[in-house]
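Copied from TrEMBL, the annotated features are:
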BINDING   CYS181, CYS183, CYS186, CYS191  Zn(2+) 1 binding site
BINDING   CYS181, CYS192, CYS219, CYS223  Zn(2+) 2 binding site
BINDING   CYS186, CYS219, CYS225, CYS229  Zn(2+) 3 binding site
BINDING   ARG251, GLY252, TRP253, ASN320, HIS321, TYR362, LYS390  S-adenosyl-L-methionine binding site
BINDING   CYS323, CYS389, CYS391, CYS396  Zn(2+) 4 binding site
DOMAIN    37-95  domain 'Chromo'
DOMAIN    179-237  domain 'Pre-SET'
DOMAIN    240-363  domain 'SET'
DOMAIN    385-401  domain 'Post-SET'
Amino acid sequence: AWYVPCLASLETLQELCRKENLRCKSIGITNRSLKSYEVEYLCDYKVEEGKEYYLVKWKGWPESSNTWEPQKNLKCPLLLQNFLSDKDEYLSRVKEGKALKVRNHVKALKPAVAGYIVRKAKQRIALQRWKEELNRKKNHRGMILVENTVDLEGPPLDFYYINEYKPAPGINVINGITTGCECSDCPAEKCCPKEAGFILAYNKQKKLKIQPGLPIYECNSFCRCGPDCPNRIVQKGTQYSLCIFRTNNGRGWGVKTLQKIKTNSFVMEYVGEVITSEEAERRGQLYDNQGNTYLFDLDYDSDEFTVDAARYGNVSHFVNHSCDPNLQVFNVFIDNLDLRLPRIALFSTRTIKAGEELTFDYQMKGSIDLTADSADGLSPSRKRIRTVCKCGAVCCRGYLN
């Protein structure tokens with residue numbers, strides 16, 4: 001299904017709910033906020049007759065209900081701290097004075113400063129809600145954090161988090177497999193990889209031991225082995241806590257790990273809508289005009305299908321390109337043995353330190369076309385204007401296509 005973003009502002013929705021006496025936790029209208037006043041954020045500051053006042057936005061109330069309150073009435077130290085830090089950040093950027101003196105001895109912030117503080121407060125709330133939404137929807141162990149200390153960009157308006165492939169009508173990503181290995185202690189002679197003609201992909205430490213280009217066959221839902229089987233890695237999902245963050249060099253959003261990741265460890269899957277290559281070509285032409293496309297060809301055995309993560313995807317949607325990446329693409333088969341429809345897994349190529357950005361090469365196995373917030377690259381299969389690479393690697397090729 002295609003979803004249409006709500007065009008009404010948060011304040012409009014809050015006011016409508018309040019008039020109709022409706023509760024909606026996602027926009028801050030709860031039983032508590034209907035009956036009481038809670039500071040959502042601080043909008044402005046002034047000194048009048050020697051007293052300090054802050055303009056308060058009340059949680060669950062529209063901006064038309066904002067009131068000036070003396071500082072002594074405010075019991076929100078964290079919001080006060082955010083207000084002051086946002087003010088100092090803005091002033092340090094524009095190198096202006098701290099306050100503007102006006103007539104009758106009133107001190108007040110310049111409108112531009114107050115406007116920035118309000119936008120920053122709204123962004124902080126929006127990113128917090130987005131983080132909560134992402135963690136509600138994800139089905140893996142690792143947590144997802146969101147961070148933007150660079151600009152005022154908020155959450156993407158037309159992105160929906162999914163945990164697995166979303167097939168287009170007529171495409172079956174589960175091919176009805178009804179058999180599995182009989183191993184009680186995988187790997188055994190007739191375990192899933194050997195049945196497919198390949199070796200087990202993981203060692204005893206559950207780390208990858210095969211070379212890029214070789215497929216991974218994991219045990220499936222019909223196998224006799226249990227959840228602790230050493231051949232069940234990708235299907236367990238991301239085990240690391242990751243942070244979607246705003247890059248400071250024009251590459252939009254990126255992803256960094258909050259934990260150390262050892263070499264040859266599974267990090268995440270690349271998921272999105274599974275569409276035909278013909279549909280991918282049609283969408284690609286539309287996306288070109290928008291500068292917004294995430295197309296990954298599933299070309300392990302053929303080029304019939306493509307993963308489109310432009311609107312539906314997971315954390316991998318935000319992973320940037322690098323000519324010297326720390327992630328490698330592998331094709332994985334679990335409950336679907338159709339060679340045309342592998343799952344795409346990203347494994348670490350080296351030890352990755354906590355706080356380091358995660359990247360992979362868009363020209364690895366599978367052609368990828370990512371030209372939106374998290375990327376500025378183009379698929380080599382489409383001959384268009386060459387896009388400058390901003391990865392900053394010593395071995396940078398200069399262009400993404």
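Here the Cβ of each residue, glycine as well, is placed from N, Cα and C on the backbone.
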Residue, out of the binding-site residues CYS389, CYS396, whose Cβ gathers the largest set of other Cβ atoms within 10 Å: CYS389
TYR362 (S-adenosyl-L-methionine binding site) versus binding-site residues CYS183, CYS186, CYS225, CYS229 - nearest by Cα: CYS229
Residue pair CYS186 (Zn(2+) 1 binding site), CYS396 (Zn(2+) 4 binding site) - Cα distance, angstrom, rounded: 42
Those binding-site residues of CYS181, CYS225, ARG251, ASN320 having Cα within 10 angstroms of CYS391 (Zn(2+) 4 binding site): ARG251, ASN320
Inter-residue Cα distance where the pair is CYS183 (Zn(2+) 1 binding site) and CYS225 (Zn(2+) 3 binding site), in Å: 6
Rounded distance in angstrom between the Cα atoms of CYS192 (Zn(2+) 2 binding site) and CYS389 (Zn(2+) 4 binding site): 40
Same-chain residues at least 6 apart in sequence whose Cβ lies under 8 Å from CYS223 (Zn(2+) 2 binding site): GLY180, CYS181, CYS183, CYS186, CYS192, CYS229
Binding-site residues near LYS390 (S-adenosyl-L-methionine binding site) (Cα-Cα within 10 Å), from CYS191, CYS219, CYS396: CYS396
CYS219, GLY252, TRP253, ASN320, CYS323 screened against CYS191 (Zn(2+) 1 binding site), Cα within 10 Å - retained binding-site residues: CYS219
S-adenosyl-L-methionine binding residues ARG251, GLY252, TRP253, ASN320, HIS321, TYR362, LYS390: largest Cα-Cα distance, in Å and rounded to whole number: 16
Of the binding-site residues listed as CYS323, CYS389, CYS396, the one whose CA lies nearest the CA of ARG251 (S-adenosyl-L-methionine binding site): CYS389
Surrounding CB atoms that lie within 10 Å of the CB of TYR362 (S-adenosyl-L-methionine binding site), all protein chains: 26
When distances run from the Cα of ASN320 (S-adenosyl-L-methionine binding site) to each of the binding-site residues CYS219, CYS389, CYS396, the nearest one: CYS389
